[in-house]
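Report on one structure; see the data block that follows.
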Amino acid sequence: MIKLLELNEQFVHFNVAAIALKIAVAVGMGMLIGLERNWSHKEAGIRTFSIVSLTGMLAVQISSGLVIGGLIAVCLLVVISNVKSFLTDKSSEMTTSAALIACYVLGVLTGLGHIFTPVASAIVITMLLAWKTELSRFAGDLQTSEIRGAILLGLIGFVIYPLLPDRYVDKWNLFNPSDAWVSIIAIAGIGFLNYVFLKIFSSKGLYLGAVFGGLVNSTATIAEMTTRVQEAGTPGRITILSSIINISMFTRNMILAAIFVPLSLTATLLPLLAMSVVAAIWIWRDLMAEKAYGQQEGKLELKSPISIRKLLTFGLLFIIIQVGGTLLTRVFGNSGILVTGFLGGLASSASTTAAAATMAMHGQISPNVAGSTAIISSMASAMIDFPIVWKNIKDKTLVKAFTWKLMSVLAAGVLSVVLDHIFNISGSLIGAFQ
């Protein structure tokens, strides 16, 4: 008992400014979570959560042993609240109870001097509470393949990856299992995250579905979109949808390259931005003329990007591109990896971009060449739109207009690359960063 009540030295000789900051943070977190509970018409609201968070902060200041006593008191409060709720209307407040205990822990962390961790956690908790309807709908719509995909993503990221050797396993220094797996994790993770957003927001219309679909799999998305607009009798929208998909794909590849080699941005930013701007101009012009087609409707349906078959395909394609690109680079110099970038982009621009970025990480090619490879693979991926649209859209006048518009997007990319080569814009940017 004496040890339990032993006062902290910090409490005896406290710093007024530090204590004031902790009080403000603790009360602010409690008010944030409590405000959401008030909106949800729960009995425990702003005052309760603020007091609980403040209690956790004060318990640490007074005595470390008092923290356990405070936690027991909060748990008793939760039990009493649930018993009362059950006796009144035969229900329990499990989510609110968990949030109340978490709020106390956040207060304790604040008392220990942490700011970022408790504040960030409070925001996340509030988001989870506020998004009850959306999360419940998402969980209810989950399919078995999607649950397995999430489990598989965790398996490859947290179980298999640590077991792989972080070195070249062949005498020619062509294949590093750890590097290949990191790229697979990055591609799969980005694809699955955007697939989740696609599931949540695709019902808002085809345009929003095109945004997330392009981030998941641009080729599959454009194939699905052409079929849908043709069946709906609105093929005139295909240019808008294709442009949105390509902008998303350009953005994804630029992010992938930047994750592994940040300096590659100096090579990728200008061409990908130029192509995106031209595509955005066509989107704006076509949207202005879309009134004749009425309000865009529909929902995009894509399969989960995570499965054993797809991961093996990602991995095999990555290995082929990386090994082939390395060999071609050794024989033909930078031209070898650029040719690999184009051919690989026809199959998967994401895998090609990741492979080139990984090579740059190990000094096999420069960041500038890795960025150029990302550009070429992105343009090759966009070129896949041509045969898909030509095959699925029956109105040849629209197909011709689409062809010229997409060619102008690709031309903007080529022109920006040429200008970059002449004026050495990328080199100047790299020098500025070094």
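Using N, Cα and C of the backbone, Cβ positions are placed for all residues, glycine too.
Among the features that TrEMBL reports, domain 'MgtC/SapB/SrpB/YhiD N-terminal' is placed at 24-137.
Among the features that TrEMBL reports, domain 'DUF4010' is placed at 185-389.
The transmembrane segment annotation in TrEMBL covers 12-35 (among others).
According to TrEMBL, the feature transmembrane segment maps to 56-79 (among others).
Sequence annotations record features per position, and here TrEMBL assigns transmembrane segment to 99-126 (among others). Panel annotation: around the transmembrane segment (99-126), residues 18, 22, 25-26, 28-30, 32-33, 36-37, 44, 48-49, 52-61, 67, 70-71, 74-75, 77-78 of the same chain, lying at least six beyond its termini, place a Cβ under 8 Å from a Cβ of the stretch.
Residues annotated as transmembrane segment in TrEMBL: 180-198 (among others). Residues 138, 149-150, 153, 156-157, 160-161, 164, 209, 212-213, 215-217, 252, 255-256, 259-260, 300, 302, 304-306, 311, 314-315, 318-319, 322, 350-351, 354-355, 357-358 of the same chain sit 6 or more residues outside the transmembrane segment (180-198) yet have a Cβ under 8 Å from a Cβ within it.
Summarising the annotation, TrEMBL assigns transmembrane segment to 205-223 (among others).
The feature transmembrane segment is assigned by TrEMBL to 255-284 (among others). Sequence-remote contacts of a segment are chain residues at least 6 beyond its ends whose Cβ falls under 8 Å from one of its Cβ atoms, and for the transmembrane segment (255-284) they are 183, 186-187, 190, 239-240, 243-244, 246-247, 350, 353-354, 356-358, 360-361, 367-372, 374-375, 378-379, 382, 405, 408-410, 412-413, 415-417, 420, 425-426, 429-430, 433.
What TrEMBL records for 311-331 (among others) is transmembrane segment. Beyond the transmembrane segment (311-331), the same-chain residues lying 6 or more positions past its ends with a Cβ under 8 Å from any Cβ of the stretch are 152, 156, 174-175, 180-181, 183-184, 187-188, 337, 339-341, 344, 347-348, 351-352, 354-356, 358-359, 364-365, 373.
The transmembrane segment annotation in TrEMBL covers 337-357 (among others).
What TrEMBL records for 369-390 (among others) is transmembrane segment. When Cβ-Cβ distances below 8 Å are used as the criterion, the transmembrane segment (369-390) is approached by residues 218-219, 222-223, 226, 238, 242, 245-246, 249-250, 253-254, 256-257, 261, 264-268, 271-272, 275, 325, 334, 337-338, 340-346, 348-349, 352-353, 356-357, 359-360, 399, 402-403, 406, 409-410, 413-414, 417, 426 of the same chain, each at least six residues removed from its ends.
Taken from TrEMBL, the feature transmembrane segment covers 402-423 (among others).
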Quick check on the domain 'MgtC/SapB/SrpB/YhiD N-terminal' (24-137): DSSP residue counts for helix, strand, coil, in that order please.
98 helix, 0 strand, 16 coil
